[in-house]
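I have placed the structure first, in the form of structure tokens, so that the comments after it can refer back to it.
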Amino acid sequence: MKKTVLSGVQATGSLHLGNYLGSIRNWVKMQEEYNCFFFLADLHSITVDIAPSELKRSVIETLAIYLAAGLDPNKVTIFAQSMVKEHAELAWLLNCVTPLGWLKRMTQFKDKAGKDQEKACLGLFSYPVLMAADILIYKADIVPVGEDQKQHLELTRDIAGVINRKFNKEILKVPEVLIGGSGTRIMSLRDGSKKMSKSDSSDFSRINLRDDNDLIHQKIKKAKTDHLSFVSYDKEARPEISNLLDIYTTLSEEKLENIIQNYEGFAKFKEDLAEIIITNLQPMRDKYLELMNDQEYLLKILHQGAEKARVRASETVNELKEQFGFVI
């Protein structure tokens, strides 16, 4: 029997090269080998202020990107998180066994809430519990994540352990965390110490998957390097050029040493890197535009995926509710 893989991307903003190399491209490979559930995390999206029209648009656009990148709805289950109400139901059950102290240690809440944490919503604080519900509800064997989500996955494992000990049986599967290799952590084009992010105020900090060719050339040309005039790889001393080299090697699948030897300076290196990015993204962008012209098809995929996901999700929730003593 195939192992189950679960992952998702928050449905806000425009997906970028970091999302593609860190998550989506790997999902496309995994769909051949695993029983995959890939979702649009729209419940997570409302933990910050977002206009209703933007949320709806983001869900549809993200789905179109998933499909354009190569995810096959006949091979994987793709759905919007909010369409499977059991996610929220399980999150509440898990909230009731998760110690407050565990959530206070979550570093992402501190980062996202900023200095005035008193004004942050409860949903943002309990975000990791909903994330745990997203994973545990499908009894996932493997959860591929970036390094920045490792703390949340450890919390998920801890929560599963609490439930299993409470009822003295393995109700929830403790998942294996899969931290990706090359290309999983693409950094900002403006600051090599920060991860590429759709929430960054500067659009030139990232390559959006829908950027046209001219804009990609502009962004790579203006990407920060340093005062040195040669190409070399050193994550600590030269984070910006090292990040560009990571992108180059991941997309071209060439050896790092060969790439470094081919370039004396930044100009030709950046020009070639932009072309490599365009070669990889243009077919996806063309397919995306085609899919966006068929909204009826996209909605059909979401509803079919949700219906399929709900079968698995309801089994887990009902099993746990029975253990708690609810009448079902």
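Glycine is treated like the rest: Cβ placed from N, Cα and C.
According to its DSSP assignment, Ile186 (ATP binding site) is coil. Feature annotation from Swiss-Prot assigns ATP binding site to Gln10, Ala11, Thr12, Gly18, Asn19, Gly146, Glu147, Asp148, Ile186, Lys195, Met196, Ser197, Lys198, Ser199.
If one looks beyond the motif ''HIGH' region' (11-19) by at least 6 residues along the same chain, the residues whose Cβ comes under 8 Å of a Cβ in the stretch are 40-42, 45, 48, 50, 54-55, 58-59, 61-62, 65, 80, 185-187, 195-199, 206-210, 247, 277, 281. Annotated motif ''HIGH' region' per Swiss-Prot: 11-19, in sequence order.
The L-tryptophan binding site annotation in Swiss-Prot covers Asp134. Sequence-distant contacts (6 or more apart, same chain, Cβ under 8 Å) of Asp134 (L-tryptophan binding site) comprise Leu6, Gly8, Phe39, Ala41, Gln81, His87.
Among the features that Swiss-Prot reports, motif ''KMSKS' region' is placed at 195-199, with the record citing sequence analysis. Sequence-distant contacts of the motif ''KMSKS' region' (195-199), counting only residues of its own chain at least 6 positions beyond either end whose CB sits under 8 Å from a CB of the stretch, comprise 12-19, 146, 148, 185-189, 205-208.
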Key: CB contacts for Met196 (ATP binding site) [other CB atoms within 10 A, all chains]   = 23
Ask   = Asn19 (ATP binding site) has how many other Cβ neighbours within 10 Å of its own Cβ?
value = 25
Query = Just counting, how many other CB atoms are there within 10 A of the CB of Gln10 (ATP binding site)?
reply = 21
Message = Please identify which of Thr12, Ile186, Lys198 has the densest Cβ environment, defined as other Cβ atoms within 10 Å, among these binding-site residues.
response = Ile186
